[in-house]
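K.L.:
When I checked TrEMBL for this same protein, it listed these features:
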type     : residues  : note
DOMAIN   : B:106-299 : domain 'ABC transmembrane type-1'
REGION   : B:1-23    : region 'Disordered'
TRANSMEM : B:30-51   : transmembrane segment
TRANSMEM : B:110-131 : transmembrane segment
TRANSMEM : B:143-165 : transmembrane segment
TRANSMEM : B:177-196 : transmembrane segment
TRANSMEM : B:217-239 : transmembrane segment
TRANSMEM : B:278-300 : transmembrane segment
Amino acid sequence: MLRRLLLTALLLTTAACGGVGSGGTTGTIEYWLWDSSQQPGYQKCADAFQRQNPGLRIHISQYGWDDYWSKLTASFIADTAPDVFTDQLAKFPQFVDLQVLRPLDDLGPTSDIKDSDYQEGLAELWKGKDGKRYGAPKDWDTIAVFYDTAAVRAAGIDPATLDELTWNPRDGGTFERTIAHLTIDQNGVRGDEPGFDRTRVKTYGLAANGGGGDNWGQTQWSAFTGSAGWQATDKNPWGARFNLDDPVVQDTLNWYFGLVRKGYMASFAAIGGRNAITPDTQIQSGIAAMGLSGSWTISSFTKLTDAAGRKLDIGVAPTPIGPIGKRASMFNGLADSITTFSKQPENAAKWVKFLSGEQCQNIIGESGVVFPARPAGTELAIRYNEKERGLDVSAFTDHIRNRTTFPLPVTSNAADVTALMTPALEAIFLGEAPAASLTRLNAQLNQLFEVAG
Amino acid sequence: MATVTAPAASDARQTGPKPPPKPRFGVGRALGWAFMILVMIVSLFPFYWILRTALSDNNALYAGGDSLLPVQFSWGGFERVFGIQTGQEAIDAGGAGQPIAFWRYLLNSVLVATMVTAGQVFFSAMAAYAFARLRWRHREQVFAVFLAGLMIPAIFTLLPNFVLIKELGLVDTVLGIALPSMLMTPFAVFFLRQFFLGISREVEEAAMVEGASKTRIFFRLILPISAAPISTLSILTYITSWNEYFWPLMVSYTDRSRVLTVALGVFKSQKPQAGPDWAGLMAATLVAALPMLLLFLVFARRIVNSIGFSGIK
């Protein structure tokens, strides 16, 4: 028995070692991305690119968001990195620090990428402290409020009025009044009615989405801090002093996370703790009536159905107007970066040039998954949403038109910043610490930059 | 329950022509049964819930979160696992659009788990034999140092291992995934050594008097006597290796070396801030767990027996 087992093992080992080559063939560009819903669009781009460049092939690998970054980091260490990968602003500074990205200005095909070809302010975000370009913009995103139209109508609210909501840190303004009215406890009492039991809530007015410490509250509180006039760092990108000790941000966060204590926003426990369910599923399951989310989740929201399989009627409203009299949304985007490990940087640059060029961006716009970085591509995505989904997405695009965006804070030591911020903000979300505790976090962050530079 | 009642029945037969006393069905027994059934339901419910979620429509899942039956019954989850759905259909259902070569992943998983189990058990048995039955200078000290290896967290060895595999040119191969755990683990050596220590010296000495070499004793005597703990270790190793996730994720880059657990990751979080493909993930989990369940069904008795087995006295 044992001998047979050993023999089998030996045979299997030889078989496994057999037909295995070493690495990819020349002329194949390895391209990584994480969003599966974008893969078909980029496959179309790859097909078009291959037709124009018969000698080159594109191999696309997709890994889910959670695995993507650890696998990418390991691939840098092991020299198995892709030639080109989809990069994200929050992660990008760390890669610049690690010097694993190739400046696009130094490569022939990408040396002439112009800032002005893209939505205003987008391309500049992808330049390093040295002024060199490390990413070619592929898309952009802003934040808006998704809501369940049925729940809003059931509360006697005209969805059109959601476009005019205002908020302030003192009484929450019409925004807080709206989510209070959308909140319903187990007895059917609404949040703004007498006898409301905030400990036994059936439907929260606002979906929760964690503390937001890993991404500067992008889909959590950034629309509020932004419309209160707050800036995270002294300058952006590449700021080195932080403003978390500013009363503006602390008042805003006290109000925002205070919504949990009032029973208007889902708590850490209500959304499932560490493995929290996302705003789209909170709205679908009836836990929440509305929630803030990014434009890249439009397709997820519009696919939701009820238990009988009927499509949910989802609407989009802009983020509320804040104390400075304007709305605000964080402006973020993805770009394609070339790694220093690429054995064929010029070919990789050709592909990146194509990805950021008009043809591919229009293909992506027509797939309606994200807003492409080029204005023409954006228009195609807007039209797709109108025609195919019957959805007005101006809540996202108006931020661009009205210049009410502010960029995601890009800093060095990004991984350390995340490591310090995540628990601090989670503690505030959980109600274990007041927003005043951010003063200490601010000192820690400033110290980090003094030590690490 | 079966093991408790069986001997009682045979005892009754041996006592003679008297019919076996009918077991009284008192309150205590009823309570016992009720408790057992409750425990069974509690332990089987998660499996039912996996099945129920796997057979639901992913886009409708949260709308019927409290439903005991599948929400919008659909084979979609299983279709995605076996790669029957087209890319766009899969994406519309919240899944990944990339092609899924299920049978290839299954084969890779079987290859890796078999290689690891066969290699690890055999080499560890040899080491355990040396630590338990052979006499050499500083044996105990070497063993103590060796045991200290148990205390090193796997994350510390991850990068050195990775670089080594890379230098050997084994990245993205099935062998590269299997190799680090194929030679031995301190646990396997420790486990077998404890058992080998219990084998009586007389048997071994008798074999030596007959002129058997140490090698022959190992293969002809020690291994056959230890069939039970070796099969226990084999099953444990097989299951551990089958469930391994992080290392295969690091080493595998394409379908040719991707194993099932890593392929399951495809169904997990695809985009930040949007719900995962639970129906697909549960269907995939069920399909991936099936071989292990079968393994347990076949070998369960053997595992139980070997735990109580303590060698020849």
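The backbone N, Cα and C atoms fix where each Cβ goes, glycine too.
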K.L.:
Do at least three CB pairs under 8 A connect the transmembrane segment (B:143-165) and the transmembrane segment (B:217-239), leaving out pairs fewer than 6 apart in sequence?
P.N.:
no
K.L.:
Mind checking which residues reach the transmembrane segment (B:110-131)? Cβ under 8 Å, same chain, six or more beyond either end.
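P.N.:
That would be 139, 142-143, 146, 174-175, 177-178, 181-185, 188-193, 195-196, 218, 222-223, 226, 230, 233-234, 237-238, 241-242, 244, 248, 259, 291.
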K.L.:
Same chain only, please: residues at least 6 beyond the ends of the transmembrane segment (B:278-300) with a C-beta under 8 Å from a C-beta of the stretch. Say none if there are none.
P.N.:
50-51, 53-58, 61, 74, 76-78, 80-81, 90, 93-95, 102, 106, 109-110, 231, 235, 238-239, 242, 260-261, 263-264, 267-268
